[in-house]
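Below is one structure; the comments refer to it alone.
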Amino acid sequence: MPANHYATWVKRASTAAIVVAIILVIIKGVCWLYTGSAALLASLLDSLIDALASAVNYAAIRWATKPPDANHRFGHGKVEAIAALAQSGFIAGSALLLAMHGIDRMLNPTIVKNLPIGLTAMAIAMLLTVALVAFQTVAIAKTDSTAIRADRLHYQSDILMNLAVFSSLALTWYGWQAADAWFALAIACYMLFSVVAIIRHAFSHLMDHELSPDERQLIIDKVLEHPEVRGYHDLRTRQSAGTRFVQLHLELDGSLSLTQAHTICDQVERDVADLFELADVIIHQDVAAK
């Protein structure tokens, strides 16, 4: 996939996330005022954080997709991982606030009102969120964007959260008033748990973690596929935004001319680059041991 296609997909996905988040904030905010539900407030807080996180994502993606310049010759892709870490902070903060509110609601029970309005709002929220996650999944399949992956994790958890809030309101309707507070606490715990996955993925990119064993094996198999290649060594890989960086030493027959060796090396570089949507491959030629 050309770099401009990568930028197009991640920008579309980030824009869609902001639009959906704003719509959800409006719907949930109005319904919380009518119902006073702690679980609905939990969902509202999460949507507010999602809107803020998606806005940060939007800005980060536009920075990350800028072409390399004189001071950033490998591009700006790591901005995506920094944005993902910022999102994890937003999620953790909202989860702690929510847990405090849930505990307060347990100690000071309040009757939830206008339940049909709350149930309708959560049904609409679930439909919108499922549609957004489906679109983000397509965007990730085409770009492998860290920032969009982190954003999707928000909204995947939102599907469960919206379902939990819907269940909480339904149980409250049938007489279990404590369900509202318990579901708020459960959602807070789930949000904190999801933060760990975002942080781990972001740190992997910031610390130049090697590509997965499966992807490394794909590279090795493709390199050794060429009949003139005698072996390889010093394979190093990493990923920044959607771009894989691959470096290795190619072992060739010492009797080959410089032109022949260069032609083989160029072909192997192209073959390895074709394994991924975006790749930067550098191969050094070495004489194979006899």
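Note that Cβ sites are derived from N, Cα and C of the backbone, with glycine treated the same way.
According to TrEMBL, the domain 'Cation efflux protein transmembrane' annotation covers 15-207.
Sequence annotations record features per position, and here TrEMBL assigns domain 'Cation efflux protein cytoplasmic' to 212-286.
Under the heading transmembrane segment, TrEMBL lists 12-35 (among others). For the transmembrane segment (12-35), same-chain residues at least 6 beyond its ends with a Cβ under 8 Å from one of its own Cβ atoms are 41, 43-44, 47-48, 50-51, 54-55, 57-58, 61, 112-115, 117-118, 120-121, 124-125, 128-129, 131-132, 135-136, 139-140, 145, 147-148, 151, 155, 158, 169.
Panel annotation: around the transmembrane segment (41-61), residues 10-11, 14-15, 17-18, 21-22, 24-25, 28-29, 32, 79-80, 82-83, 86-87, 90-91, 93-94, 97-98, 101-102, 122, 125, 145, 147-148, 150-151, 154-155, 157-158, 161-162, 165, 183-184, 187-188, 191 of the same chain, lying at least six beyond its termini, place a Cβ under 8 Å from a Cβ of the stretch. The transmembrane segment annotation in TrEMBL covers 41-61 (among others).
Beyond its flanks by at least six residues, the transmembrane segment (82-103) meets 38, 41-42, 45-46, 48-49, 52-53, 56-57, 59-61, 64, 146-147, 149-151, 154, 181-182, 184-185, 187-189, 191-192, 194-195, 198-199, 201-203, 206 of its own chain at Cβ-Cβ distances under 8 Å. Annotation comment: TrEMBL describes 82-103 (among others) as transmembrane segment.
Positions annotated as transmembrane segment by TrEMBL: 115-138 (among others).
According to TrEMBL, the feature transmembrane segment maps to 159-176 (among others). Through the fold, the transmembrane segment (159-176) approaches residues 35, 37, 39-40, 42-43, 46, 112, 115, 118-119, 122-123, 125-126, 129-130, 133, 182-184, 186-187, 190-191 of its own chain, all at least 6 residues removed from its boundaries and within a Cβ separation under 8 Å.
Away from its own ends, the transmembrane segment (182-203) comes close to residues 38-39, 41-43, 46, 81-82, 84-85, 87-88, 91-92, 94-96, 98-99, 101-103, 105-106, 146, 149-150, 153-154, 157, 160-161, 164-165, 167-168, 209 of its chain (Cβ-Cβ under 8 Å, at least six residues beyond either end). Sequence annotations record features per position, and here TrEMBL assigns transmembrane segment to 182-203 (among others).
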### Task
Express the predicted model's confidence over the domain 'Cation efflux protein cytoplasmic' (212-286) as a mean pLDDT, rounded to an integer.
91
